[in-house]
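Engineer: Before anything else, here's the structure in question.
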Amino acid sequence: MGKEQVEVLNALDVAKTQWYHFTAIIVAGMGFFTDAYDLFCISLVTKLLGRIYYHVDGAANPGSLPPTVSAAVNGVAFIGTLSGQLFFGWLGDKMGRKKVYGMTLMLMVLASVASGLSFGRDAKTVMTTLCFFRFWLGFGIGGDYPLSATIMSEYSNKKTRGAFIAAVFAMQGFGILAGGVFAIIMSSIFKTQFDSPPYEVDPLGSTVPQADYLWRIILIVGALPAAMTYYSRLKMPETARYTALVAKNMEQAAADMSKVMQMEIRVEPKKEDEKKSFGLFSKEFMSRHGLHLLGTTSTWFFLDIAFYSQNLFQKDIFSAIGWIPQAKTMNAIEEVFKIARAQTLIALCSTVPGYWFTVAFIDIIGRFAIQLMGFFFMTVFMFALAIPYDHWTLKENRIGFVVIYSLTFFFANFGPNATTFVVPAEIFPARFRSTCHGISSASGKLGAIVGSFGFLYLAQNQDPSKTDAGYHAGIGVRNSLLVLGVVNILGFICTFM
């Protein structure tokens, strides 16, 4: 590495925390805010979609999405995300972070709006178009993972790098929160405007025609935060580490950084003393970084199995412990309100604080310790829920159940959910950084797919007469929680790589 190269990067590493760091956190973080909003708001409206499009005359309970449709609506975004992570991760190392960054954002805005406008009158067309647009939404979201992490890691200084990358990721918590709050507000407005009797009183009348607008509005609003930061993303200069180390344009890197940091960075003439470079997945790469890559992919994979299955089952867990009344005792809009309220409470009390604990402590305790601690406590609390599961289902013990359930979320976020995002952005060399982050996060999404679908079926009641419509008997919630506990132990072990 030439001397002038070191000069630019040193200036970055020792820079004081400045205003532009915070701008970068907001601009990169808004992508994550949108990601979380878009990925999790679907669970707020799936029950509503079931009532609107799958109503069965004379049925005792409101219509619900058939298992295949439900799996498709939830899963297609994950499959899109996984493809986007691999594709844009690779592209970010080829074309530069900045160019690709605008693309992913535009894709998210367009797909958000399109999924809310899913056309057609009958169930099949609406669900097919919804799934089609959610795939592309996921594809854009996928690109945001490696690029946001890489940009933040390449913008920040050494001392606070962990906290800055974690702060970008923590915007996810606010995204989940915003989705819940917005759904509460919209469903309250709809409830006062278009009130209707509960399902058991009037099955058809309990879902007002206007309810069809409710889910569309909730999905479309996801486009706003992304659209608002599009301009700022276009204005951000390419990261100096990319310009210097990958594009090898020293003058440009120095000029960009001088402007951003408002200090002069000189560039000395280039001396040729470049080390021989090695390719991705070459022997050299494997011997230096192979184990790192195995570590970042495996821990993220195990974490997401636990994290996503937990998130998707929130509404089922709430119903099981009676936080959400039986579907037939409410009208359609009321149900959206109750589900959103429960999700928002969990986000407020455990998800959001967990993220910010990581931001506060990551540069003090270190990534490794936080990740081990998170996996350890997630395992403990999963077993604490599962082993005396029957005890928790009793009415008087419900609050205890929710507290422990919240704690598993808290330690997922003050733990591996944040660190698995931070580490790949720091551990790999600049020219593979975005690609390797893409591979690691895609492995996480694979875990999310396993978590969402595997557990949709696993968590069903063991008694076939008590399963959700269209499902086979599963192993029950209790045994599913035990399995998740074991998954967390595997994550704990893989952290040592």
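Cβ coordinates come from backbone N, Cα and C, glycine included.
So TrEMBL lists these for the protein:
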- 24-497: domain 'Major facilitator superfamily (MFS) profile' (DOMAIN)
- 20-45: transmembrane segment (TRANSMEM)
- 65-88: transmembrane segment (TRANSMEM)
- 100-119: transmembrane segment (TRANSMEM)
- 163-190: transmembrane segment (TRANSMEM)
- 213-231: transmembrane segment (TRANSMEM)
- 368-387: transmembrane segment (TRANSMEM)
- 399-418: transmembrane segment (TRANSMEM)
- 438-459: transmembrane segment (TRANSMEM)
- 471-493: transmembrane segment (TRANSMEM)
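Can you walk me through where each of these features ends up in the structure?
Structural biologist: With a cut-off of 8 Å between Cβ atoms, the residues of this chain six or more beyond the transmembrane segment (213-231) that come close are 26-27, 30-31, 33-34, 37-38, 41-42, 44-45, 48-49, 52, 102, 105-106, 108-110, 112-113, 115-118, 175, 178-179, 182-183, 186-187, 190, 333, 336.
Residues 67, 70-71, 74-75, 78-79, 81-82, 85-90, 92, 142, 145-146, 293, 296-298, 300-310, 312-313, 316, 420-421, 424, 471-472, 474-477, 479-480, 483-484 of the same chain lie 6 or more positions beyond the ends of the transmembrane segment (438-459) yet place their CB under 8 Å from a CB of it.
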Engineer: Does the chain bring the transmembrane segment (399-418) near the transmembrane segment (163-190), so that three or more CB pairs sit under 8 Å (pairs 6 or more apart in sequence)?
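Structural biologist: Contact confirmed: at least 3 Cβ pairs fall under 8 Å.
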Engineer: Tell me, what is the mean pLDDT of the domain 'Major facilitator superfamily (MFS) profile' (24-497)?
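Structural biologist: Here the mean pLDDT over the domain 'Major facilitator superfamily (MFS) profile' (24-497) amounts to 82.
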